[in-house]
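Asks: Here you go, one structure.
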Amino acid sequence: MSRISKLPKIATKENHPLNRVNTRLIGSGLSELDRKNLLTNHTRPLGNAPTTSVPAQRLKRAATVPAPSVPAKKNKVTVAPKIPPYDYKARFNDLLEKHKVMKSDFIDLKDKHGEVAEDYEKVKNSVESCTSERDMLKEKLLNSLNDLREKCSEHDRLKLDFDIQKHENEDLQRKTKLLEEVTTSLKQKTSELDRVQTDFNNLTRRHSSLREEIEALRVLSDHLKRISVEYDKLQLDYKEALESIKKYKGDAEALQNMLASMYKEQRDLRNTIQDLKGNIRVYCRVRPPLESELNKPLFNLNVLDACSIDVEKIELLNSARKGKHSFTFDGIFTPHTSQEDVFNEVSSMVQSALDGYNVCIFAYGQTGSGKTYTMEGGCGKEQYGIIPRAFNMIFTCMEDLKRMGWELTIRASFLEIYNEIIYDLLNSSKDQMNHEIKMVDSKGTDLYVSNLKQEEVKSSHDFIRLMIFAQRNRQTAATLNNERSSRSHSVAQIKISAINEKRKERYTSNLNLVDLAGSESGKTTQRMDETKHINRSLSELSKVILSLQTNQSHIPYRNSKLTHLLMPSLGGNSKTLMLVNINQFDNCFGETLNSLRFATKVNSCRIIKAKKNLSMVDPL
Ligand SMILES: Nc1ncnc2c1ncn2[C@@H]1O[C@H](COP(=O)(O)OP(=O)(O)OP(=O)(O)O)[C@@H](O)[C@H]1O
């Protein structure tokens, strides 16, 4: 009984955690009604115990069967018929019955007890583990509490620190802001300072430059003062000089007149000498062998004096046959005579052109005898031939003439006569125009070539440029027309127009500088045509000169282009200079002899006294 009475006690304490476990465990086996019945049956006195119709099996089943089915049966409990007290037998049977029931209940309960004990053990174990767990948790809780406490105190400390830090931070922020403001203002001040420094530097520089300027101005002012004094002095001198100039001007004019008349006298004298020398002059120039020709045999040439030579073929030297040929000219230029010496000798002819006479200088000789070298020259000033030197002389004299009141205009043209056709060497175009020799006026004293380019030349440099241009044109034509340069006559024409406004005089003159074609006779049929033309023009030249020599009424100028062109320079009013060029090669002896003979023929001719082309200028 005591063991059973404990059960309700456990069941009532529901709030205790252990009881809760027990209730759960018990609850899972007994329903609430079973428990009540159980309690009623076990707590009721045996005699008064109400009989229930619930069989023992039902109780047993009730421990396992779910509770809801039980309350329905509660209403069906039937009350057993009351046994009279005297009916001991019935009572005994009843008691036996009860005992049986109780015994089976007891067995059930015992089983139940076993189960409960088992459950209890489990619960106990569970309680123990829970207790140890609780202790552990308690300890943990205590530790946690301690930790929490520590953390709290640390938190407080940290909070305090944080507050301090916060405060300090705020303080720092305030200070930073202040510092930033100070920095910004410092930056502004610095940039201002830089600006001020730059201004200061500029001002310093300006100051020093101004100081220099002031110094320069001071020097200038001193200088100006000195100049002013000098200027005053000069003013006085100037006045004196003006008076002197007036006096000198009169003297200069007188001197200029004197100079002009002296120049005229000198010119007349020069021309008298020229006349005495003859208006046709012939010089012979012997060219030296070139380096490549040093081994070539030479014929014998003796320069007897300044004007005479004799030549003799080398094979006849020791023979009994006399083969010596002597020639006399106005001058002989040996192989050693320089270009300058040659020009000095012929410069009087250029002077004559400047004095107003028509002049013709031509080089005659066989191909390769040095005609072009004599007339045009080689490279470099020293090698300049007659043509460029004549121009230099003209421009030098122009200055002297200017001082005497003469204004000169020089025009130049370059032409070539090949196979009786005139070619303009200043016209580089392939299509040459037709060139005719025409009279300038009805008097027929002056001629011109139609469609021929005539360039005004202002300096000797201009002239050299034109000459080179003409030379190139001639070379191009020569390349196109195999050796044409040797087979054509080249003429540089210089027209001089002079005017003296003061003396009311003017004149024009022509200077013709001619490099004749090679005089040798043609050996091949290919050259026959050219040779025919050359020989014709050269023989016509010889005829003209002979006709002039013999004072013929008709001079056959028009028989060839060359003589026609040179008419004004060959006729009465002209001076002619012929340079016969020869070389000394033995194989050229025949041609040399021919050239020397032709030159002798020309030399024997004396043209009538030349007349200056002077005329009065119309009054201005
Ligand atoms: N006096 C001289 N001194 C030095 N070299 C000369 C002299 N004369 C001519 N020569 C040279 O001899 C060569 C022939 O001369 P150049 O060409 O003047 O002859 P050319 O008679 O004009 O010939 P071509 O009829 O073919 O034109 C040239 O190389 C020239 O430089």
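Numbering starts at 1 and runs along the chain as displayed.
Glycine too: its Cβ is placed from the backbone N, Cα and C atoms.
Okay, these came from TrEMBL:
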type	residues	note
BINDING	Gly365, Gln366, Thr367, Gly368, Ser369, Gly370, Lys371, Thr372	ATP binding site
COILED	120-279	coiled coil
DOMAIN	279-605	domain 'Kinesin motor'
Asks: Along the coiled coil (120-279), what average pLDDT does this model show?
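Replies: That stretch averages a pLDDT of 88.
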Asks: So which other residues, same chain and not among Gly365, Gln366, Thr367, Gly368, Ser369, Gly370, Lys371, Thr372, have a Cβ within 8 Å of the centroid of the Cβ atoms at the ATP site?
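Replies: Neighbours within 8 Å of the Cβ centroid, excluding Gly365, Gln366, Thr367, Gly368, Ser369, Gly370, Lys371, Thr372: Arg287, Ala363, Gly518, Asn581, Asn583.
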Asks: Taking 10 A as the limit, how many CB atoms besides its own sit near the CB of Lys371 (ATP binding site)?
Replies: 28
Asks: Is it possible to get the count of other C-beta atoms within 10 angstroms of the C-beta of Gly370 (ATP binding site)?
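Replies: Within a 10 Å radius of the Cβ of Gly370 (ATP binding site) lie 20 other Cβ atoms.
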Asks: With DSSP assignments reduced to helix, strand and coil, which class does Gly365 (ATP binding site) get?
Replies: strand
Asks: Would you mind ranking the binding-site residues Gln366, Ser369 by how many other Cβ atoms sit within 10 Å of each Cβ and giving me the lowest?
Replies: Gln366
Asks: With every protein chain in view, what's the tally of Cβ atoms within 10 Å of the Cβ of Thr367 (ATP binding site), excluding that atom itself?
Replies: 16
Asks: Give me the count of other Cβ atoms within 10 A of the Cβ belonging to Gly365 (ATP binding site).
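Replies: Taking every protein chain into account, the count is 30.
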Asks: Helix, strand or coil at Gly370 (ATP binding site), per DSSP?
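Replies: Coil, per DSSP.
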